[in-house]
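Structure first, then comments.
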Amino acid sequence: MQTSFKSSSPIINVAVIGVGLVGSEFIKQLLSIPSSPFRLVSVTSSSRTVFAPSSPFRSSDSWKDILAQSTERPNFELLTQNLSSLISSSSSVAVVDNTSSDDVASRYPTWLKAGFNVITPNKKAYSGDLELYKKIVEASKESGTKFLNESTVGAGLPVISTLKELLGTGDKIKKIEGVFSGTMSYIFNEFSTGSPDGPSFSSIVKGAREKGYTEPHPADDLNGFDVARKLTILSRTISFSNNPNNSSLPSLQSFKSVQTVSLIPPPLEGIPTGDEFISRLLHFDTEFDEKRRQARKKDKVLRFVGVVDVENGDVKAALEEYSADHPFATSLGGSDNIIMFHTERYGPRPLIVQGAGAGAAVTAMGVLGDLLKLT
Ligand SMILES: NC(=O)C1=CN([C@@H]2O[C@H](COP(=O)(O)OP(=O)(O)OC[C@H]3O[C@@H](n4cnc5c(N)ncnc54)[C@H](OP(=O)(O)O)[C@@H]3O)[C@@H](O)[C@H]2O)C=CC1
Ligand SMILES: N[C@@H](CC=O)C(=O)O
Ligand code: NA
């Protein structure tokens with residue numbers, strides 16, 4: 001049964017920016033909630049925008065046609081003014097950023113100060129420059145508006161909310177470790193199964209992209225930066241919490257401060273398009289075959305893992321070898337993420353969150369779950 005709402009619930013005006021894989025699926029899920037307090041008043045792609053508060057979008061098909069026919073170019077200053085005019089004692093605003101844009105991310109402090117809640121799966125703001133993160137935290141505190149980002153780590157899996165509850169209830173986080181990338185999980189679950197050979201590395205990366213797991217440019221997954229961004233978000237969630245038990249973590253200046261081992265062959269650094277990147281990756285298949293063979297010789301498999309080691313103040317992401325009976329080897333399939341929270345209360349047996357960690361349906365669900373937290 002879906003959430004039900006009182007007819008007197010305050011209205012939440014929703015403005016969606018970014019209508020790609022996740023954005024379109026988010027709108028579909030949003031519009032399928034019966035009698036909800038949400039009104040989809042604006043949609044914006046990279047080239048067009050619509051603001052229609054008097055006739056909010058109601059069906060998944062109509063918004064696409066209306067946006068396609070719009071001649072309005074995106075203008076975030078104007079959108080901010082327009083949305084401000086909708087705030088009243090019975091009506092609030094949520095901006096949902098489903099892009100991976102730095103430009104959109106840089107606007108969160110302004111929007112939070114303007115009284116809008118900000119919800120996003122976009123990792124850029126929370127893992128980028130520390131100054132922007134501080135401005136977001138301050139703006140949210142000043143205005144009482146929320147910034148919610150469950151889908152930035154583990155897509156729809158309850159990772160951020162679990163961490164916030166552990167912190168909020170006073171647990172001491174010792175270490176968080178796991179497979180944080182749906183793309184990397186899929187790639188190595190398929191590539192390194194314990195047998196000495198198998199499908200080529202480049203063909204599997206291509207498959208991950210076709211399934212919608214990768215970032216818009218797959219190099220952003222293979223260079224380890226996507227994992228480094230997620231580790232930065234977790235580290236900051238810990239170090240900016242009010243929990244005094246977790247003070248030994250360094251303040252990361254940005255995700256680039258995470259020790260990260262890239263899987264990009266040096267000649268493929270800086271290739272501008274994902275298509276060209278994939279087509280040239282096949283020239284490096286033998287290098288990856290060799291890594292697989294070396295691990296197999298030791299009866300091990302390859303997995304790309306991330307660690308936030310709070311006790312030792314260490315944050316890192318790298319390709320590691322695991323024995324065949326390790327949970328990272330045995331229990332993962334598809335784009336599964338597995339995240340282990342080692343805490344004081346959870347003692348020697350960690351709290352484990354596991355499941356699909358990429359893909360439009362589960363990511364959009366995490367974004368919509370955040371929106372429901374506003375009601
Ligand atoms: N896919 C997944 O499994 C997961 C994705 N995420 C995150 O979700 C976000 C969206 O991912 P996904 O949907 O897969 O990516 P897509 O590339 O499919 O969609 C991103 C959309 O953002 C739009 N866009 C880019 N810049 C702007 C801008 N300045 N203004 C308005 N729209 C803009 C693009 O529009 P246009 O098409 O017009 O160019 C594009 O359609 C990313 O931040 C990603 O990291 C998080 C967890 C999992
Ligand atoms: N590209 C990312 C998508 C989710 O954050 C991943 O593969 O995990
Ligand atoms: Na999540």
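Quick reminder: no glycine exception, Cβ is built from N, Cα and C everywhere.
Where the annotation comes from TrEMBL, it is an automatic prediction and has not been curated.
What TrEMBL lists as domain 'Aspartate/homoserine dehydrogenase NAD-binding' is 18-148.
Around the Cβ of Gly20 (NADP(+) binding site), the number of neighbouring Cβ atoms within 10 Å comes to 15. Look at TrEMBL and you will find Gly18, Val19, Gly20, Leu21, Val22, Gly23 tagged as NADP(+) binding site.
Annotation source TrEMBL lists NADPH binding site at Thr99, Lys123. Thr99 (NADPH binding site) falls within neither a helix nor a strand when secondary structure is assigned with DSSP, and so counts as coil.
For 158-372, the entry in TrEMBL reads domain 'Homoserine dehydrogenase catalytic'. Regional average pLDDT for the domain 'Homoserine dehydrogenase catalytic' (158-372) in the model is 94.
Sequence-distant neighbours of Glu215 (L-homoserine binding site) (same chain, 6+ residues apart, CB-CB distance under 8 A): Ser100, Thr183, Asp221, Asp226. Positions annotated as L-homoserine binding site by TrEMBL: Glu215.
The feature active site, proton donor is assigned by TrEMBL to Lys230. All chains included, 29 other C-beta atoms sit within 10 angstroms of the C-beta of Lys230 (active site, proton donor).
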Checklist line | Cα-to-Cα gap, Gly23 (NADP(+) binding site) vs Lys230 (active site, proton donor), nearest whole Å | finding: 20
Notebook entry, point to check: Among Gly18, Gly20, Leu21, Val22, Thr99, Lys230, the recorded positions in the record, which have a C-beta under 6 A from ligand 1?
Noted result: Gly18, Gly20, Leu21, Val22, Thr99
Checklist line | Inter-residue C-alpha distance, Gly18 (NADP(+) binding site) and Thr99 (NADPH binding site) (nearest angstrom) | finding: 5
Notebook entry, point to check: Sequence gap of 6 or more, C-beta under 8 Å: which same-chain residues meet both conditions with respect to Leu21 (NADP(+) binding site)?
Noted result: Gly212, Ala360
Item checked: Cβ-centroid neighbourhood (8 Å) of the NADP(+) site, Gly18, Val19, Gly20, Leu21, Val22, Gly23 excluded -> Ser24, Glu25, Phe26, Asn98, Thr99, Ala360
Margin query: Measuring Cα to Cα, how far is Thr99 (NADPH binding site) from Gly20 (NADP(+) binding site) in Å?
Written below: 8
